[in-house]
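One structure is given here, and the rest of the page talks about it.
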Amino acid sequence: MKIVVAKNIGFCFGVERAIRTVEELLDEGKKVVTDGEIVHNKQVMEKLTKKGLKVSSEITDGEVFVVRAHGIPKDRLEELKRIFPEVVDLTCPIVSQLFKTAQRYAKERKVIVFGKEDHPEMVALKGYAPAIVTKVPFKLEEKKVVFLSQTTSSLEEYKEFVVTMIRMNEFEEAVFLNTICPVTVNREREVEELSRICELSIVVGGRHSSNTGKLFRIASKHSKTIWIESPDELPADVVKYGTVCVFSGTSTPNSLIENVVRKLKEMEGKRDGTI
C-alpha cells in the first residue's frame, strides 16, 4: 500500500493562532470561557477543555472571554465587553475582512452571501450586515447586488451559484468578490488533483467542519472516499487499496494526521505479517 499525504495539511494560520492564544491564556492560570467550539475539531476541543477552557452558551462570568475563529455578531461582542474584564477576539483575519466587506457594500446594494445560514461565521456576519445567506439560487427584485461567500465554501460551487443567479435575475449592477480563504482554495485544488490518482482518499477532520466536508465532496468525485475524525475509525479493509491519499481540514492538527498514517502502516504490517 502506497500512502500519499497531501502537502497542504494541518491547521491554517487562523486556527493555529486561536488555539495558541487560548493555550497561553490557560497556562497563565486565567479562567478562560467561550460560547462554542474554538475550532470544529473534537480532539482539539477535548484537549483545551481538559486544560480548563469552559464552553457554554450561557456563560456570564469569567476572567477572559475568547471569541471563536468564526467570529460573533457585533452587538454580541459589545455586550461581552461590558460583562467580562477581558475579551480576546480570535476571529480569523480573513473572516473579519469578510464582515467589513459586507458592511461596506450593504450601504449601497443588496448583499448576497453563498454559505450555510446556520454556520457560526454566517450568523456572525448577519450581525454586521443585513445579508441574504443561502446556497440555493433564487429570484430577487433588487437590481444592485454584491456576491460574497462564506470563507470555507467551494470556489467552483460559489461560481456556479453566481452564474445561475445572474441568469435567473435582471440585475443592473452585480459585483462578484472572491472572499473564500486562499488556504482552503489551495487544499481544494490539491484534493482535486491528487484524488484522481488514489484508489482510496481519507479526509481527516471534525464532523462539523465545513471546509473538511468540502474536501470530502471533491475527493468523492474521483475516488472511494472516507471521512474520519480519528485513526480508530479506519475500516479494516483499508489495506486492500494500492494507493491511499490522506487529506485534512484546516482545523485538523498535524499530530492527528501523523497518527492516522501510523495506524495505516500498522494495519498494513499486520496484513503482511511483519508486525
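Any Cβ shown, glycine's included, is placed from N, Cα and C.
A quick note: this is a predicted structure, and the numbers were derived from the prediction, not measured.
Summarising the annotation, Swiss-Prot assigns active site, proton donor to Glu121. In the three-state DSSP scheme, Glu121 (active site, proton donor) falls into the helix class.
Annotation source Swiss-Prot lists [4Fe-4S] cluster binding site at Cys12, Cys92, Cys181. Taken residue by residue with DSSP, Cys92 ([4Fe-4S] cluster binding site) is part of neither helix nor strand, so it is coil.
Taking a C-beta cut-off of under 8 angstroms and a sequence separation of 6 or more, Ser210 (isopentenyl diphosphate binding site) has the following same-chain neighbours: His40, Lys116, His119, Gln150, Thr152, Ser153. Per Swiss-Prot, the feature isopentenyl diphosphate binding site maps to His40, His70, His119, Ser209, Ser210, Asn211, Ser251; the stated evidence is sequence analysis.
Under the three-state DSSP scheme, Ser210 (isopentenyl diphosphate binding site) falls in the helix class. According to Swiss-Prot, the (2E)-4-hydroxy-3-methylbut-2-enyl diphosphate binding site annotation covers His40, His70, His119, Thr151, Ser209, Ser210, Asn211, Ser251, on the basis of sequence analysis.
Around Asn211 (isopentenyl diphosphate binding site), the same-chain residues at least 6 positions away in sequence with a Cβ under 8 Å from its Cβ are Thr152, Cys181, Thr184, Arg187, Gly205, Gly249, Thr250, Ser251. As annotated by Swiss-Prot, dimethylallyl diphosphate binding site applies to His40, His70, His119, Ser209, Ser210, Asn211, Ser251, with the evidence given as sequence analysis.
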CB-centroid shell, 8 A cutoff, isopentenyl diphosphate site His40, His70, His119, Ser209, Ser210, Asn211, Ser251, site residues removed:
Val39, Pro120, Glu121, Thr152, Gly206, His208, Thr212, Gly249, Thr250
Integer Cα-Cα distance in angstrom, Glu121 (active site, proton donor) to His70 (isopentenyl diphosphate binding site):
5
Thr151 ((2E)-4-hydroxy-3-methylbut-2-enyl diphosphate binding site) to Ser209 (isopentenyl diphosphate binding site) - Cα separation in whole Å:
12
Counting every protein chain present, what is the number of Cβ atoms, excluding its own, within 10 Å of the Cβ of Cys181 ([4Fe-4S] cluster binding site)?
24
